[in-house]
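Engineer: This is the structure I have questions about; it appears just below.
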């Protein structure tokens, strides 16, 4: 794990007295008391004599702190054996000057000084930056500082803006102090002596201060450089007098909503409040400012997700990941690797936000990194990995600790010659049952260690005994009931016929346990509008029989025998029924539907059959007929951006809440396929699916020609995916911490049992942990997830996943062991839950504040001391700000009246059940160039950064985020490309509503279709392909997925957000 970090380097290699906000070296004066309870030994910031640097609290690997004398010595060697300006920072990232290898590790950098200087000089892009206080962040480098350019210094007072192309991130009229990257160019002479701080490579700083400080020297923070609303599109200007230019009057539309209240920061001191009427309030208001043209910022200089993904794939792709080491960090979710279970659960089942927990609650509070695990208990394993072993202890059932009830696992310690074992969770000593006794070897390990999965593996299953079954009798196999809305809309659109035709084929492929020929699942059919029609499809009948229940207030199932049947036995009758349904209702005029009685009918049917199962409900409109659960339109765009906006996401209580509980108690999972033409109140209708482990699929303005295939792919995946029913899960932990919060498509009756009517291979739940005591570095921390469920064949099983983590009293260890993808999954789910109870503005503020806190704590406790104008990020979290910014631009979190309330509610519910790979892809879509790929190789072309700047007029790009897929065509795309892909002479001939590529027999067409099909196959949801031409109207929809750019409905660009977070961090640190 490279210890190196990356600093967004300032124009000065030393922190000078009075520079960038730290008086006299570091600390001194007011800095000390302002740290609030932001822990950590304060001595790191006591003011040393000017000109001397203190070494950081935890000096890397015991390197000597640099002596005072050579702070300005141009000959400092950088190889650790000699004193150096920066003792290798703890896994952090440096944005600074352009060395060619953007993120290389410290280890490789130790040429002799002279040679090193030459190397540095030769690798500087001298042409890129104008001299003087320019507003651009220099590109990344590893932590060697190399800030100077070799042209004569300029007069400080008049910043010369080189007339360059305008930055895409700024509105043309922004004044200098509006620039995303900086405070105002200072009017007077620089403070604190000569700007340069000494001999090394004289000449003015390159590229001006990144991120916010005044050019050279300048006042301590809180002075003018903190003015200027943080970039256009971000909220919250900073307090403090305006800079020399002052603010012009905001232009039209610049005021934005009232911004953030003054808050006491956790670090002491007030956090900035919003000053009304300033440009750039949160939702993308442009700043109405005039000023000289800005130098274009270099987007390559800030951390890139595609680069991080590519680096991990190069480093760990194709390798075997053995789970035998406590607290080791797995490869990224985007990397292809093979897992070998050697005592800890595979990362496919469990991932954590950090693999090294802080030892105490105080440390956890100080760093504010959430401690959580994302668990996907039934995750699919690739074919080359061993499926889980099933352990059967017969009548006695699984062996468990007497006190805490944890199941036998690798963390149990056998003692006393094998006659007793000590529980790894609660330390209770238990007797080993006679049948389970085995001798220990010379290492104290049982002789049968490798023969028993529960002793040597992280994940395995136990066959559950009758004690684990309802009413102490074995469960029946589950049932699937298909419930089709046959109101006017669905008949007219052709949907009913489409479903009936597909079911004939789909029922042949119902899921079954591996190695079992026929599926044990029973099936039943209901159609409904204002009344419900049940069908008797008993195999003995020649024709199906229909029974109508019109009293929807007291729901019951009119037949027991013949409603739920085995498909193989009743195939002829069912096929007959599916042929008749579309014709039976062909002339219907009934447009009203019921909804709650439909689910009640399903629950009643499962009760009568004493089984669990799943309802597939196909509904096209809001239930307005007189019946329980009748809804009325409550969509109100006037609530957006008010404190009442949260009501749009809250389900209507009463009958729906009760229904969820009944479903969970019976093990009835509800999957909802919606085909709305207008508002449906998804927040309420999807409440039952979202508490029963179900899924909600939505097809707006459904048309069979363009959406039919998309819907059928979803239906096939949904029916065929592996799934467990009537599930209950518990997460146990070793002493010192415990599970406190649970997020997912779940129901909680008490604080520990997670109940799911069903759980499938794509559903993940996120569990947050809190300390209740001190953790020990020696023993580490253990967690065990136990899932009790019924298999598709009706067998009761216990699936156990175990994971062990490190514990550390060093914050640097925690930051080194973080996993950004898991962190963002946690933040996505907690934000999506928070918007039910808090105004969106508050939720967005909390996200930004916590991001700034986590990074400020790293900066203060783990990074080497450096100038305040540097943005220093932990290596493992360097792309975290991209994801947080993208999260704040998702439909649920953007307060925009242009987005439909149903779309926002739907996406909120989707996120709640997502695993780590799904949130990663949703928040950073893959943008892949297809026009220049090598068609002869099998692998997919590498994705590029998700920004408009990466698109080319002559290119063809595929963008997908797991839910939407776009093929973008540049206006200057070569005709032969168009011919090869579409069989058309030019783009002008392209039809607007095309949703699939024609099958042409040429290498390019084959390759592009293979890539698209492969992605659709791989993702849990099917995706509809949208073909968009550059400059066409539908292109706007495509652009909102370019998450590094400014949001269409509000939200900052990545570059702007990074500066904003940097300012927040600086505020916290002063």
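A Cβ is built for glycine as well, from the same backbone N, Cα and C atoms used for every other residue.
Bear in mind that the values here come from a model prediction, so they are computed numbers and not experimental data.
For reference, TrEMBL lists these features for the protein:
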- 115-126: compositional bias 'Polar residues' (COMPBIAS)
- 142-181: compositional bias 'Low complexity' (COMPBIAS)
- 182-213: compositional bias 'Pro residues' (COMPBIAS)
- 245-256: compositional bias 'Gly residues' (COMPBIAS)
- 398-436: domain 'Zinc finger Sec23/Sec24-type' (DOMAIN)
- 820-919: domain 'Sec23/Sec24 helical' (DOMAIN)
- 940-1011: domain 'Gelsolin-like' (DOMAIN)
- 111-219: region 'Disordered' (REGION)
- 235-260: region 'Disordered' (REGION)
Engineer: Of the residues in the domain 'Gelsolin-like' (940-1011), how many are helix, strand and coil by DSSP?
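Structural biologist: When I sort the residues of the domain 'Gelsolin-like' (940-1011) into the three classes, I find 23 helix, 11 strand, 38 coil.
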Engineer: Check the domain 'Gelsolin-like' (940-1011) for me and report the mean pLDDT.
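Structural biologist: Summarising the domain 'Gelsolin-like' (940-1011) by its mean pLDDT gives 92.
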Engineer: Count the residues of the domain 'Zinc finger Sec23/Sec24-type' (398-436) that DSSP assigns to helix (H, G, I), to strand (E, B) and to coil, and report the three numbers in that order.
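Structural biologist: Secondary-structure composition of the domain 'Zinc finger Sec23/Sec24-type' (398-436): 6 helix, 11 strand, 22 coil.
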Engineer: Tell me the residue counts in helix, strand and coil for the domain 'Sec23/Sec24 helical' (820-919), as DSSP assigns them.
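Structural biologist: Its residues divide into 68 helix, 4 strand, 28 coil.
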